[in-house]
Every structure is written in C-alpha cells, then in structure tokens.
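Asks: Structure provided below as structure tokens; questions to follow.
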Amino acid sequence: MEKFASVAALFLLLCFPVAFSGHDYGQALSKSLLFFEAQRSGVLPGNQRVTWRSHSGLNDGKSSGVNLVGGYYDAGDNVKFGLPMAFTVTMMAWSVIEYGNQLATNGELGHSIDAIKWGTDYFIKAHPEPNVLYGEVGDGNTDHYCWQRPEEMTTDRKAYRIDPSNPGSDLAGETAAAMAAASIVFRRTNPAYSRLLLTHAYQLFDFADKYRGKYDSSITVAQKYYRSVSGYNDELLWAAAWLYQASNNQFYLDYLGRNGDSMGGTGWSMTEFGWDVKYAGVQTLVAKFLMQGKAGRHTPVFQRFQQKADFFMCSLLGKGSRNVQRTPGGLIFRQHWNNMQFVTSASFLTTVYSDYLTSSRSNLRCSSGTVAPSQLLSFAKSQVDYILGDNPRATSYMVGYGNNFPQRVHHRGSSIVSYKVDRSFVTCRGGYATWYSRKGSDPNLLTGAIVGGPDAYDNFADRRDNYEQTEPATYNNAPLLGVLARLSSGHSGYSQLLPVVPAPVVRRPMPIRKPRVTSPVRASGPVAIVQKMTGSWVSKGRTYYRYSTTVINKSPRALKSLNLSIKNLYGPIWGLSRSGSSFGLPSWMHSLQSGKSLEFVYIHSTSPANVAVSSYTLA
C-alpha cells in the first residue's frame, strides 16, 4: 500500500508541473460569461447584467407563423445563425460537464447554466416538429448593409428552415449535439427540462441521419457566412457521441463503431476544430469512451479514433508529423480572419484530453515519442495567457480584461450609444456614417468578448473596420469557459474521469416555471450568503424547486475553514462536503480567497432551506 501511494504521488507530480500564476483566470471567466449576455436576442430577463442592452428581435419568426424570439446573435451583426449558435451551446455545455465543480468554486456555475439555457430555450422553439428546424433568422446580406443597434434594426427578419425536402444534416446534427450535451447539464438540477432536451436531441438526430444533405444547400443565404465546408458526416458522428454520453444508449455507441471508418472519424487527421469541422472533437470524445472501457467489440475502431485524437494533440504541441503554424509570439495560427476561434477550441480539447490521459494513467503518443499529459495543459495555458496579454504587443484580446485591450470593436451594439441613453433613431446607412466610421472608443464596453486576434506575425490593428481582427464571436468565448475554470483551480482543478450515469427518458415532461429570487443577501461577519430559486418542475403532482446558494468571502483574508448549518433541507445537495449535520468547503477546495465566492445547489419541494454560518477560520 505504501509503495502504491508513493507511485501515485510521483505520478501526480509528473502530471502537474504547471505553475498557475500571472493572470486572474477567475476574473477572466466572469468577464467571458458577460459577453453572452451582450449577445442575447429577445426579451431580456430582470437579472440581465449587461445593462446597456435592451429587448430586440421581438417579431422574429412571426412572418413564418412560429415564435423564434430569443437565442444569440453570433458576432458583431444582428443575424441569428443556427450552426455556430448550436456549436456555442455544445461547447458551453461540455465546459460545465467537465468542470462544473470548478465553475461553482468560482461562483459562475449558475451564470454558465443560464447561458446554456438561453440557447436551448431558443432551439426548442426552432424545432416545432420532429423533421423541421429553423436554422437562421435574418439575412446576412441585408444585415451587413446596415449598421444599427439590435434594439431598432430595420433589416429583413425572414426565418429559414430545413425539412425533409430541404435537408440539413450538419445543422440538425449539431443542434442534436447541443441538446444532448445540455441535457446532461440539467440532469440533476432540472430533470424535466433535461428529458425535454434529450427528446429533441433524439428527434433531431433521426432527422439529420434519415434526410441527408448540407444545410447551406437548403439555406443558401448562409453560404457567404457559414458555409459547411466539411459536410455533415462529422456532425452526425458528433451528435451520436453526445447522445451516447447523454443516454448511455448502445445504439449510438454502435453508430460510432459502424460508421467511424466510412464517415471519416478514423480517417481524417485534423489540425483544427471549430463550428464547421467537428472531427477532432469526435475523436476526443470517442477516445474518452475507450479509456472508460466502454468500447467493447468496437475497440479496434475506437483505437483508430484515438490515434487521430493523438495526432491532433501532437500537431498542436509541435511534436507530430504535420504541426500547426505558430506566430513568433507562440499563438497557433490558422487564418487571418478570426483566428482566435481555433485557438480557444484547440485549447479546450487539449485541456480535457490532458485530464482524460491523466485519469487513465496514460501518456500522449506522438511521432517524436511519448508526451506527458501535463504538456497539453501547459499548451492550453500558454494560449490563454497569450490571449490575456502575454504577447509581443502586451495586448489583451479579451475586451475589458487588463489595461490594454481593443477599444474599437467591430460590433454594432457596442459601437453605437446605448438605446437606453439615446433613443434617437439610427438609420441603416446613417449608422455607418455616424458610428462605424468614428475614431473614438466604443461607447459601450463589450466586456469579456474575445476578438478575432492578431495576424501570423502578432500584428493587430484596433480599428472598427478591421473586422477580420476586431470582430468577436460567441464560439470564440464558449470553449474558454472550461479552460478558464480549469486553470483558475490550479492543481485542484484536475477532474477524475468518471462514467456518465444515464437518465431515464420521459417523452412528456412537465412545464418549467420561470426562476425568481427567493432570499436577499444575508451576512454573518465576513461571510455573505445569497439564495435564489433558479428552476422548478412538477412530477407526480408535486412541485420541486432548484435553489442556488452563493457564499461570498467579504474579508480581506482567505477563509480557511467554514462550517454551515443548513436546516429544513429535505432533498439532495451538491457542491459542499458533509460531516454529520454540518457542511463545509468541498473536498477539492482548501480555502476561499478574499472576494471569491462558492456556489452550491440543492433540490426539495418546499421553501428555501435555512442556511447560516456556524463557524469559520480566517488565514
């Protein structure tokens, strides 16, 4: 036993030589989530934190006889593109699945779940029938002709859909993946909603697989902006992988095993991952299934998937047979237009793959030799640090982070004075003359947005008309949620690889009620406690509530130990360690730093529990 302990300690030491310092990853995480609130379309909620935005797109879908209010604007324009929006939601959900504990430690789990639900609520509306999916609202051509705030846009808001006569397997497949991944996120905290999402995922996958075709051949107005170059085979495999993880249904594992070779999952050696090309993501997930011992008779095929996952990781590290280009400052570089989308997505895959390998006690196999998993995490950290300012220009490419960040972002909403400040109508072309062309900084700070980034030589021009470098996008930010949560937790951020517990499928879920605040801030010395009800559902005639509780350290010193008394609790609780009737900091958390918060959740069928501080110790 002593020998095993010493070997295990040595293994962990070799796997975690990364020094987590220099940047406030928790702050960057919080700011990154604010960007999604700035991108919201529809009726904004009462707890909206980006206050310079207002309601928009309130008639979306009306001309088509369907309610398509909600969802996200993809970038600096006012169009809702379904394919990148679905990828955004998938990556946010994957971040929560892998690093939910770390997000909770940072007090951002609730905001992350809210960001996911803003997308999935829209997808439910966009999928009114099993074989119908609305994939775009607005026309990129007319939208790009105008420079207007989303609150008063006058551009065409036509809705475009796919159906059996006009298929779109890539769009339906990615949306199925998003719904399946999100169903895992809501499994414990909102099971009825989780089952509803999984039902939509099943239907969307069947639709995508049965009626095959590229979505941009049906929604042709998307071709200029989000052309599906990779086709739809990668999305079908991607959706199958997520449906297996969400349902544990053998059908989807068999689908990966039967089709892995013919659909390119084991054939494509990738050096990119993003909203269009999903192969590297599929290969990473299937490698996870293999490490979990789930491959069964498909083991030879899954091993070929993993070989391609290794190829992708090795190419990023510069240790493969075909390596990714890097700028002189060390940033991976694929294209001049919004290169950051590839940086953040690759950083996420290397982060989770590092933890997968570590938990399975494996090394990365590259053409140059074996590589410790810690090098993958070091790579992700180097890319995030570059984004946050460790680069030749000392520029932060996250708006609002650091002292030197882009001031003239290519974004309609942030570049025009807030509708709440000045309601003078901004005309379609007048917006270009008055706001687009001005040299001053944006009147509204687009906090947390990751812009397109520098060129191949680390050069960057902070100009509003330089859309290739200064335009942000939701799919730039989404993969960063998990990476920042992981890095913010240091060595304690390591997540053991665990099998997914399947959820029972119910085809007729009960309706979900709107969240409401249930308790004001309570303070006990330097510790403040805030509770809110974030969801409810009805099962067998009884209403159940999900409560989110945030514990905030208001002291200038770190909180080393904390004992909470929780009375009138009649259901399960997550996010705290328990000893008898007392609750304390979770096992992975040794202290709560000054100004930081801890979030935990619980469920029961009555009013909020009575949460109070019994004792605490300050460092």
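Every residue, even glycine, has its Cβ placed from backbone N, Cα and C.
Note: TrEMBL annotation is automatic and uncurated.
These numbers come from a predicted model, not from an experiment.
Quick paste from TrEMBL:
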SIGNAL    1-21  signal peptide
ACT_SITE  HIS410  active site
ACT_SITE  ASP462  active site
ACT_SITE  GLU471  active site
DOMAIN    527-607  domain 'Carbohydrate binding'
Asks: Using a Cβ cut-off under 8 Å and a sequence separation of 6 or more, which residues in the same chain sit near GLU471 (active site)?
Replies: ALA75, GLY76, ASN338, VAL409, HIS410, HIS411, VAL451, GLY452
Asks: Give the sequence-ordered list of residues that share a chain with ASP462 (active site), lie 6 or more positions from it, and have CB atoms under 8 Å from its CB.
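Replies: Residues satisfying the criterion: PRO406, GLN407, ARG408, THR470.
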Asks: Can you tell me how many other Cβ atoms are located within 10 Å of the Cβ belonging to HIS410 (active site)?
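Replies: Within a 10 Å radius of the Cβ of HIS410 (active site) lie 24 other Cβ atoms.
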Asks: When secondary structure is assigned with DSSP, how many helix, strand and coil residues does the domain 'Carbohydrate binding' (527-607) contain?
Replies: 0 helix, 51 strand, 30 coil
